[in-house]
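Participant: Below are the structure tokens for one structure; questions will follow.
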Ligand SMILES: Nc1nc2c(ncn2[C@@H]2O[C@H](COP(=O)(O)OP(=O)(O)O)[C@@H](O)[C@H]2O)c(=O)[nH]1
Ligand SMILES: [Mg+2]
């Protein structure tokens, strides 16, 4: 079945200064002929009038044509930059919609075609999705690194080495006169497998940094009722997100606000004050506060002259925060702040950044999703499973499983390439 030609408004909601309408598929040339009377030279901006079916002019805009396969999707692609008014856009979309073989694109369909045509692998597609969703500087940086092939390049290099190693073993198995593969081949394979396992381990042992940057770091406020948790959350968020009251036990649900610290997304969570609950609802709130603290990236332990510091959930990094410093008293441990006057807020943000390790510049993480991590982990496990005493057939099988793990991450299968590596590099069957 011939692919349909798809089209969509690729820029944001109208009205805008300029809108971009994108087309992709086998009938893009026909679409351009209909709209502007001809197909412009590929990759050159052309200022043209766009026409309705009755020949009247809809608008004037910049037309870009990309000839297959040198385009984002790998198909013929056109981008129409027109004035971003609702009537302009809908007039053009309705001309396109009426053309035979044309239909409106579904969400992600251009990218899907790019993947199917080998223009981007799955990790690059995921990076692209994250780049579009990125809200902080650090999310943008790591998404761009992955979208530009930072992860797929690593995976591809590993996979090639795995396939080559396996091909070596198979070649020796198939063509050796003896029953056994020469030990030199096996030794080389074992050394390479161990090396690869180490390299994979290195990027796996990153404390899930990429996923945390992607979804944001979670900081949970813990402390006795009335110690000033809700006030502090509001002061850091610079808005009244949580109810502040002199009455103890007001906050029962979690209240979350988003902050940006050192270019990273941080979710700050207000919780129910920790005490002996007076009601079932409050008890539930306190349980949830503790649970949330147990999986937080950082816990702020609030205390003041009237309220003791709560104990930190085991194993979680914690930062003591002395509240209500405007009322006087001494700061015995941690950072001092006053939500009322704003004193110490900048220092607290800084301390949070430091405690989370956000302040230290790092290279962009390459594993930004659980799917990618589990594929690499599968690949490494396959390699770790290889032992010196193993029959060569089994070593080859472990190597295959390992390569499969990587192929799943990039969205390829490896059978054809396996053959390609054997025949291409080893001149078997001459
Ligand atoms: N003087 C002073 N009072 C504060 C400060 N922060 C909170 N409070 C007061 O302490 C009480 C409890 O505050 P709240 O934020 O609701 O505490 P929570 O129960 O821990 O969420 C309220 O009466 C607040 O006005 C502060 O920095 N200085
Ligand atoms: Mg509160």
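Don't overthink the numbers, they just go from 1 along the chain as shown.
Glycine is treated like the rest: Cβ placed from N, Cα and C.
Note: TrEMBL annotation is automatic and uncurated.
Quick paste from TrEMBL:
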- 22, 79, 119, 430: (6S)-5-formyl-5,6,7,8-tetrahydrofolate binding site (BINDING)
- 226-231, 245-251, 270-273, 338-340: GTP binding site (BINDING)
- 230, 251: Mg(2+) binding site (BINDING)
- 216-357: domain 'TrmE-type G' (DOMAIN)
Participant: How many neighbouring Cβ atoms, not counting its own, are there within 10 Å of the Cβ of residue 245 (GTP binding site)?
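Facilitator: Excluding its own Cβ, residue 245 (GTP binding site) sees 13 Cβ atoms within 10 Å.
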Participant: Going by DSSP, is residue 272 (GTP binding site) sitting in a helix, a strand, or coil?
Facilitator: coil
Participant: With every protein chain in view, what's the tally of Cβ atoms within 10 Å of the Cβ of residue 79 ((6S)-5-formyl-5,6,7,8-tetrahydrofolate binding site), excluding that atom itself?
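Facilitator: 20, counting other Cβ atoms within 10 Å of residue 79 ((6S)-5-formyl-5,6,7,8-tetrahydrofolate binding site).
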Participant: Output: those binding-site residues from 22, 226, 229, 230, 272 whose CB lies less than 6 Å from an atom of ligand 2, in sequence order; none if no residue fits.
Facilitator: 229, 230
Participant: Given a separation of at least six residues and a C-beta threshold under 8 Å, show me what packs close to residue 22 ((6S)-5-formyl-5,6,7,8-tetrahydrofolate binding site) in the same chain.
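Facilitator: Looking at Cβ-Cβ distances below 8 Å from residue 22 ((6S)-5-formyl-5,6,7,8-tetrahydrofolate binding site), excluding near sequence neighbours, one finds 7, 8, 10, 77, 78, 79, 80, 105, 110.
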Participant: Please list, in sequence order, those binding-site residues from 22, 119, 229, 339 with the Cβ less than 6 Å from ligand 1.
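Facilitator: Within range of ligand 1: 229, 339.
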Participant: Roughly how many angstrom lie between the C-alpha atoms of residue 339 (GTP binding site) and residue 119 ((6S)-5-formyl-5,6,7,8-tetrahydrofolate binding site)?
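Facilitator: Approximately 52 Å lies between the Cα of residue 339 (GTP binding site) and that of residue 119 ((6S)-5-formyl-5,6,7,8-tetrahydrofolate binding site).
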